[in-house]
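Beneath this line is the structure, given in structure tokens, with notes to follow.
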Amino acid sequence: MLATDSDPIVAIATAAGRGGIGVVRVSFGRGGEAAALPLIDALCGQQLAPRHASYVPFVDEHGAPLDRGIALYFPAPHSYTGEHVLELQGHGGPIVMQLLLQRCLDAGRGFGLRLAQPGEFTRRAFLNDKLDLAQAEAVADLIEASTEAAARSAGRSLDGAFSRQIHALVEDVITLRMLVEATLDFPEEEIDFLEAADARGKLARIREQLAHVLGDARQGALLREGLSVVLAGQPNVGKSSLLNALAGAELAIVTPIAGTTRDKVAQTIQVEGIPLHIIDTAGLRETEDEVERIGIARTWSEIERADVVLHLLDSRTGMTADDEVIAARFPGGVPVVRVLNKTDLTGVPACVEHPAAAGDLTEVHLSAKRGDGIDMLRAELLRIAGWQAGAEGVYLARERHLIALRAAQEHLAQAADHAEQRAQSLDLFAEELRLAQEQLNAITGEFTSDDLLGVIFSRFCIGK
């Protein structure tokens, strides 16, 4: 039988492994109360008061105890999924959880109970209007948050902070669309709906608010995704020492022997709640050593994928001809920071410079060995990322949200151009507003393809 969104489903809702408590969750789908009550009786030997915790034995088909724990019954629609839901909270051993799961499947075979797919409980919450799509994604983001700031921002998204901003924008766009449609539908009227309602002013305010939301979303995406920072340069310029200094731990082997690092060493650190994924790589040079050549090829692959490249130089020699060759190969569009290391050997104080000869490049003078200038480098990385220190009310956002917001921004810009041409482009004005609304609705799931839903929820853990 093909799985459908109305099947009764069950899964272990807690993480694998041993713990004090484990949870098995059942959502009854189309089975409703007719399926829920017999299953509760079979598992618990009694009926449960809705939304009350009951301490009961969990029994097998012969009435023998499997475990004792808390059972909670949530009749629809007042549950996580909006369907009738049963949660069994037992002792968190993997064997106990598997026994309870199998017992549920055996007892529910008659009404088609099956194992839940990844993210299926949250998908049903979305389909039953318990959460919009941005809130549903925030559930996974909260679970996967790697920093306190990311967790707090995901919590704000789950609470609807991001969605409320989007809904407000959509309402304003709809109001403006109504004015344009009225002008199109009643051209013979003497009233100029657009002029009377200050349509251009309304559009300008919508664009301003969208720019603000996009700015906050960029901050939220940075909290979620972090920044990939690749350390690149010739051998023995101090890349591994810099990784250790940034991480505050001895992660990479440091020796005076050129070519010590032959494969990447990665570490994620937090700076003001932003995950910085620091990647130390093999030194870039011509070599006959096959293993080292493989490591160098991987270095260039990492550079291609980087958000920022730290090009390390020896401050005693500065930018050499070999360094120029390396810099010429850096991909366009990837920010590069020149890091002049080993200032402890030159006596140059740690500092950040923007030399005219370097164009848009920033130079950071530091000593990875002594730690001088490391905080300056961290601050420069945050500046490049566009992080606004102390930003309040940031909600977590994903790349798809940024794409939709940018597309809406472009449609509104086109609408503004058409608004200036009035009669010649009024139909196009209305169409651009419709397309902008469509992009905004895609964020909250009011206009979203089934394929996209499948991709989003397949990345959830089973049981959530």
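For all residues, glycine too, the Cβ spot is worked out from N, Cα and C.
On a predicted model such as this, the values are computed, not experimentally measured, just so you know.
What Swiss-Prot annotates here:
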type	residues	note
BINDING	Arg25, Glu87, Lys130, Lys464	(6S)-5-formyl-5,6,7,8-tetrahydrofolate binding site
BINDING	Asn236, Thr255, Ile257, Thr260	K(+) binding site
BINDING	236-241, 255-261, 280-283	GTP binding site
BINDING	Ser240, Thr261	Mg(2+) binding site
DOMAIN	226-386	domain 'TrmE-type G'
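Everything Swiss-Prot records as a feature, shown here on the structure.
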| residue | record | Cβ within 10 Å |
| --- | --- | --- |
| Arg25 | (6S)-5-formyl-5,6,7,8-tetrahydrofolate binding site | 25 |
| Glu87 | (6S)-5-formyl-5,6,7,8-tetrahydrofolate binding site | 19 |
| Lys130 | (6S)-5-formyl-5,6,7,8-tetrahydrofolate binding site | 18 |
| Asn236 | K(+) binding site | 21 |
| Lys239 | GTP binding site | 31 |
| Ser240 | Mg(2+) binding site | 23 |
| Ala282 | GTP binding site | 27 |
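Ser240 (Mg(2+) binding site) sits 9 Å from Ala282 (GTP binding site), taking the Cα positions as reference. Residue pair Lys130 ((6S)-5-formyl-5,6,7,8-tetrahydrofolate binding site) / Asn236 (K(+) binding site) shows a Cα separation of 57 Å. Glu87 ((6S)-5-formyl-5,6,7,8-tetrahydrofolate binding site) falls within a strand when secondary structure is assigned with DSSP. Ala282 (GTP binding site) and Asn236 (K(+) binding site) are 10 Å apart (CA-CA, integer value). For the domain 'TrmE-type G' (226-386), the mean pLDDT of the prediction comes to 84. In this structure, Lys130 ((6S)-5-formyl-5,6,7,8-tetrahydrofolate binding site) belongs to neither helix nor strand by DSSP; it is coil. A Cα-Cα distance of 51 Å separates Glu87 ((6S)-5-formyl-5,6,7,8-tetrahydrofolate binding site) from Ala282 (GTP binding site).
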